[in-house]
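Colleague: Mind having a look at this structure? Questions to follow.
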Amino acid sequence: MTRVVLAAAYRTPIGVFGGAFKDVPAYDLGATLIEHIIKETGLNPSEIDEVIIGNVLQAGQGQNPARIAAMKGGLPETVPAFTVNKVCGSGLKSIQLAYQSIVTGENDIVLAGGMENMSQSPMLVNNSRFGFKMGHQSMVDSMVYDGLTDVFNQYHMGITAENLVEQYGISREEQDTFAVNSQQKAVRAQQNGEFDSEIVPVSIPQRKGEPIVVTKDEGVRENVSVEKLSRLRPAFKKDGTVTAGNASGINDGAAMMLVMSEDKAKELNIEPLAVLDGFGSHGVDPSIMGIAPVGAVEKALKRSKKELSDIDVFELNEAFAAQSLAVDRELKLPPEKVNVKGGAIALGHPIGASGARVLVTLLHQLNDEVETGLTSLCIGGGQAIAAVVSKYK
């Protein structure tokens, strides 16, 4: 079977809600990475066969945001593109689709990843097209409804985390401790420059003066403690334990990678970072969607012909501390190998981009001692996706 390799992998810094990227469309974030990858690899843009990009909150952006990003990123009009929506798994699903298209021989070179600007998601006025006869009308927050609400139960993703709290007997202190650890690891990694190799700075033009250049993730917080987090009120349930402090944030960002057949990489003298070994997807009851990574991880390992003990490093998306703790309990993961540079609770969770972001962060950890990695994300609606990669040899 054709070996599929990852030849370049980058991400933007992750902006907080209403932060540095609030006026930067998702497709501009994606375009920045596309342009960088082309420049970095020296690849002829016309040699790219397809562009596949995850993006969840598409309302108001224009037709096919992936195509917009591709064209603005400098690709010729002959290169096709399409947008993927698998909620939080969109970015990783895009990479899987790229992988599948190369294995089947349809493509040789694909740019794949994810992008999201949650700050720019519009408010919707449903049923207004033909006018209102009378009475009050309300707006729907497209970010909350299309990105963060379980449509089957009509409640926020946070309630699915509360459901896992009850099912697994997870305490508030455990969640807050997990969140503090995520922040501390991210602070340490940021201060040590461990994200520098994976981040492409984003230049934001200003009406007056020089552009603002964003180089670091905005959500990383120093001096976070369990004591401080314990003062926060429950966010989703009156007597609940899930708070803004032990859940991932609402964020803006993008991540992208160059997916190629090994033969094409050799032909073009491009040195790959890693080999894609296999993927797994799984579904569960939507009310406990956060536990779905367990099944996805098991499938990805089986298809990759690997055991959990073979994995040197894990990048698992931290949608909620409770969700992450539940998955850890089921899989019995070694904590020293999981999210060693912090996770989404600290870094942020731009939903359409996160699937690619966790893989980018994972790839930049591979070396002669850390050769095999696994990444996974839970997905609203009761799903999950996972991937296994190995350092290229």
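Easy rule for this one: first residue shown is 1, then count along the chain.
Placed from the backbone N, Cα and C atoms, the Cβ positions cover glycine too.
Found this in Swiss-Prot, in case it helps:
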type: ACT_SITE; residues: C88; note: active site, acyl-thioester intermediate
type: ACT_SITE; residues: H349; note: active site, proton acceptor
type: ACT_SITE; residues: C378; note: active site, proton acceptor
Colleague: To see if you understand the setup: which same-chain residues, six or more apart in sequence, place their Cβ under 8 Å from that of C378 (active site, proton acceptor)?
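Modeller: Non-local contacts for C378 (active site, proton acceptor): C88, M289, G290, I291, A292, P293, N317, A319, Q323, V327, A384.
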Colleague: Among C88, H349, all listed as active-site residues, which has the most CB atoms within 10 Å of its CB?
Modeller: C88
